[in-house]
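Here the structure comes first, spelled out in structure tokens, and everything after it is commentary.
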Amino acid sequence: MKRIEIVFLFALVSSTCNAAVNDFCVANLKGPDSPSGYQCKPPNTVTVDDFVFSGFVAGNTTNTFNAALTSAFVTDFPGVNGLGVSAARLDIAQGGSIPMHTHPAATELLIMVEGQITAGFMTPTALYQKTLKPGDLMVFPQGQLHFQVNSGSGKATAFLAFSSANPGAQLLDLLLFGNTLPSDLVAKTTFLDVDQVKKVKARFGGRG
């Protein structure tokens, strides 16, 4: 019995030491990604720069959505690997929008900084929508379909926080129209005319 107790205590001390040593796991981006994140860089190669992200600046909004997302996800910011947190900067030009999308792996917190954004998310039974101004925060639960539209008279900026180092994103417009499904099949499933589907597909690089 005493031998078993000694083995148990040794295992407990060992696991405690490993937990203390592994307070963080800077991503080795040269290795494969997995559901639990990237493998750790060797400790002797970790530097303070792994824990600092310096590119949190406005992106180029000259595109289809008139919007830009500057991400500080694990692939941009290796120090957040395994910590369950990441961030992004959202810039939307006047009249621009972030279309309906989901984040399969994270809840999103939007922090308004400048301008005005009308944002919301929906469930099968309800719509939650609000026009946000600087100082407002809005949370979008993980996996919920949501959107952000610049509803003001100038540019809009918000900071985003996510409950995952790699939140992922699925944009509804790109999923529907940026593919090679035959246009008549897309038309039947969306109740749009075939000509409308082809027009939108051309905008998002779809074919068929």
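Using N, Cα and C of the backbone, Cβ positions are placed for all residues, glycine too.
On a predicted model such as this, the values are computed, not experimentally measured, just so you know.
Features as listed in TrEMBL:
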BINDING   His101, His103, Glu108, His146  Mn(2+) binding site
DISULFID  Cys25-Cys40  disulfide bond
DOMAIN    54-198  domain 'Cupin type-1'
SIGNAL    1-19  signal peptide
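TrEMBL feature annotations superimposed on the structure.
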residue: Cys25; record: disulfide bond; contacts (Cβ under 8 Å, 6+ apart): Gly37, Tyr38, Gln39, Cys40, Asn81, Gly82
residue: His101; record: Mn(2+) binding site; contacts (Cβ under 8 Å, 6+ apart): Leu145, His146, Phe147, Ala169, Gln170, Leu171, Leu172
residue: His103; record: Mn(2+) binding site; contacts (Cβ under 8 Å, 6+ apart): Phe140, Gln142, Gly143, Phe162, Ser164, Pro167, Gly168, Ala169, Gln170
residue: Glu108; record: Mn(2+) binding site; contacts (Cβ under 8 Å, 6+ apart): Val139, Phe140, His146, Leu160, Ala161, Phe162, Pro167
When you average the Cβ positions of His101, His103, Glu108, His146 for the Mn(2+) site, which other residues in that chain have a Cβ within 8 Å of that mean position?
Thr102, Phe121, Phe140, Gln144, Leu145, Pro167, Ala169
